[in-house]
Amino acid sequence: MCGIVGYIGGRTALPFLVDGLKRLEYRGYDSAGIATVGESGLELVRAKGKLHNLEEKLNGVAQSTGTVGIGHTRWATHGKPEEHNAHPHTDASGRLAVIQNGIIENYAELRLGLKERGCLFKSETDTEVIPHLIACRLAGHSLLEAVLAAVVELKGAFAIAVVSADFPDELIVVRQQAPLVIGFGEGENYFASDVPAIVSHTTRVLTLQDGECARLTRDEVQIHDFSGARLRRTPRSLNWNPSLVEKRGFRHFMLKEIHEQPGVIRDTLEDRIGDATGPIRLGLSSDLFADLERIYIIACGTSWHASLVGKYLIEELAGIPTEVNYASEFRYCPPPLNARTLVIGVSQSGETGDTNAALTAAKARGVRLLGITNRPESSLGALVGELIDTRAGMEIGVAATKTFTAQLVAFYLLALHLAHLRGTQSGERIREILVGLQQLPAQIEGILDTQERYITELAREFDATRDFIFIGRGLNYPIALEGALKLKEISYIHAEGYPAGEMKHGPIALLDSEVPVVAIAVPGKVYEKTLSNAQEAKARDARLIGVAPLDEPAAVETFDQILPVPVVDEILSPILTVVPLQLLAYHIAARRGLDVDQPRNLAKSVTVE
């Protein structure tokens, strides 16, 4: 959700902080602020809205020369997105500043107690209790000791950073169920919510774990647990290319990431296809799947849609009963679980608060855990032990595209691996699907090369459109859901996805000439039925757009426009049918002049429950 960044070293901190916040914009935010410590004490600048507003305010004041600083982009949870609620927040003296990503669940109780002690509050945020708590414990103690004494009173999930004009040669960071990475430099050190903020400055990083804090100086990073005990931790080398966080000539990151999907599929498949004795190489323990009775998949948002496809694949290919649950509901309506149950957590970032909380609850009940994530070093990776790395690379656009495709590929590999272990599919059928997977990148490149200009022109026709409906059947029903989600996320057009057969059970009442219907109709066992459902919409004057092959006469006759896809084995079609829907959503939103990469109210990594 929120983005936090910090610097301590010999340089002026301000340029690093501003650049770092820009690299965290993809996380979503509604205000921003910076605090630096220098010879004149603590300097604080905050602004509502985008970072350019903060930069304008910074340009209007004397530039800070402080060499220690923290920065924050806020996604509002407690208190409206106003400047007085923006971080950093200070204590009564104005000499100690705090930023936080997360939620302090017991803030109301703490706030009441602090008010009784005479503390005055200037915001409605939960974070403001933290600097006051620290200040109350500073007398006769080090900054680290005061922070630790305050942290043990907090309940919730949070990452915190603290600077003080009275301790100008250090800063303190704390992690409890919210992401925080520390970067190691030469004569300087850094921290951030995520790697993109620091990847241009260092390749040596350390991911802070839950229940840990760190004291950063120019020359040292000390790691402690919440009791104050010193811990030994070793930085790891970061294998990242800084160009991943650049647009490289594309208008938006989202468009760049759509075009990166062929390469992502190749990377996700690389070295994972074996021979007849072991056609899939996922590096997972054989015990994970022994005597397996049932699978539950937990996810949120786009990952939930990928999981619906995964359910279909696992049941179709491996014959294992599989259910997909919203992570936010799983803990409160827990299904029957036992030692022969596998729970799969799916999260692009590996830091999704609801997903990790659900996995933690499932783990306590003795189930087997597997993670599917783009960030194996994340909290999810540490929690599950066994995981499939989707290898999609950094995704900056808030609306997931290439990470969705990579999750689909991961589910294909998992389902085929289970089918091989259980003997539910012939070796020939498994090889047939694997060959088809390997051909998909070139087919997607063909879609991108031939359809971009056409979809750009098609988007012009929806300037005044207020509603869309997407329909599909079978394993393309989740793609209809994903197409609707992409459109509503970035264009702010109301869009819904339905099983095509459900149109006549209610949604058909919404149809008229002003409501376009996008139908996914590819040759296979539900092709004719999907076309029949599309005809029902056409009879109500709805404009029909088909995601279908161009060389199918029935499709050409049915649809007003076609977003063409190649004919492939039906089981492989979701990876192809989603691409035109991503392009359609992108070009409609871009034509409307919207912020495609940072849609309003959304965050890339939803770290709070």
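Glycine is treated like the rest: Cβ placed from N, Cα and C.
Taken straight from Swiss-Prot:
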- Cys2: active site, nucleophile (ACT_SITE)
- Lys604: active site, for Fru-6P isomerization activity (ACT_SITE)
- 2-219: domain 'Glutamine amidotransferase type-2' (DOMAIN)
- 285-424: domain 'SIS 1' (DOMAIN)
- 458-599: domain 'SIS 2' (DOMAIN)
Summarise the domain 'SIS 1' (285-424) as counts of helix, strand and coil residues per DSSP.
63 helix, 27 strand, 50 coil
Looking only at the domain 'SIS 2' (458-599), what are its DSSP counts of helix, strand and coil residues?
73 helix, 25 strand, 44 coil
Across the domain 'SIS 1' (285-424), the model's average pLDDT, rounded to a whole number, is 95
